[in-house]
Amino acid sequence: MKLNRFGAAVGVLAAGALVLSACGNDDNVTGGGATTGQASAKVDCGGKKTLKASGSTAQANAMTRFVNVFEQACPGQTLNYTANGSGAGISEFNGNQTDFGGSDVPLSKDEAAAAQRRCGSPAWNLPVVFGPIAVTYNLNSVSSLNLDGPTLAKIFNGSITQWNNPAIQALNRDFTLPGERIHVVFRSDESGTTDNFQRYLQAASNGAWGKGAGKSFQGGVGEGARGNDGTSAAAKNTPGSITYNEWSFAQAQHLTMANIVTSAGGDPVAITIDSVGQTIAGATISGVGNDLVLDTDSFYRPKRPGSYPIVLATYEIVCSKYPDSQVGTAVKAFLQSTIGAGQSGLGDNGYIPIPDEFKSRLSTAVNAIA
């Protein structure tokens, strides 16, 4: 596998799309099954030799591992992934430009109808990658910062413009915040990360947000940057800035992350595998059958103290039955390896491994892809 970057590299990424690619062409291959690492997960190799997918930048770093595991499980097969945002991932999948799409939000009603026309069968939303959204900031004098939903909403809609605003200071009584102007950085591209973050602001701000949600940033203030890589780089290089990033990008850029005060009470919550795992454990499925859309409202206003509330699930948007069975076979094999051996080590790279109880439900759906 070869990792290509467009634009100048900063840390893990810089501006532009991340492309995961490997040698080979689009010839079809046949093959038997391979047994890979975690829980001796069965991978039914075969079908299209080189898959193509695009979408969510939040899962870009996880895809690096998933492609490596797929190549090991199914020699001669690979996947090219372009991290160009959830909106592009859905659009390119529905336009039959890719074999599946990655999105941090499930298909809308209209998008699902377009996907069914493209597939000739219902499309499924399969949540495969879980990751917290970090609120990151650049204040040299502040190494630990507490924020809550109402205060974040007022920062990101421009109601609070100074770091020493009384609302922020009240959450951080142990030190005096600087009288520095806040510089908001947001995603300029259509983004599932933005949609999830705005859904959190809407749910957790007690009405302070007032801007709605959606893949485009609605706050009306700040500076836009493309992709998780772009917002990470902008925050790192802008004193007084604040933004939202998928956790793995915040880690890679060594950004300082805020602790979040939640509706469950207790101490402000930092991102850890345990704090996010508690949140995922409370999720329910609102989709029907093998369409595993999650009801994430419980994420944003947790009832259990110690649960980190800003969590996104990245869905792989797939055809339940592909017009070309060779594609369906390969997509199924890729996802089998992803939810099997691909889960090992994710926690070291800013992602949360799929809980065992949910993995069995996901495996049933993946194995049904044709």
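Cβ atoms here come from the backbone N, Cα and C positions, even for glycine.
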**Message:** Suppose a student reads Swiss-Prot and sees S56, T57, A58, D104, S191, G192, T193 listed for phosphate. Which of S86, S141, S159, S216 should they find annotated at that same site?
**Reply:** S86
**Complete:** Students should find that the Cβ of A58 (phosphate binding site) has, within 10 Å, a number of other Cβ atoms equal to 33
**Asked** Which residues, sitting 6 or more apart from T193 (phosphate binding site) on the same chain, put a CB under 8 Å from its CB?
**Response** S56, T57, A58, S86, D104, I133, R187, N228, Y244, N245, E246, L312
**Message:** Can you tell me whether DSSP puts T193 (phosphate binding site) in helix, strand or coil?
**Reply:** helix
**Item:** Reduced DSSP assignment, S86 (phosphate binding site)
**Value:** helix
**Item:** For the phosphate site built from S56, T57, A58, S86, D104, S191, G192, T193, further residues of that chain with CB within 8 A of the site's CB center
**Value:** G55, Q59, G85, G102, S103, V105, T194, D195, N196, N228, E246, L312, T314
**T57 (phosphate binding site) CB neighbourhood, other CB atoms within 10 A** = 34
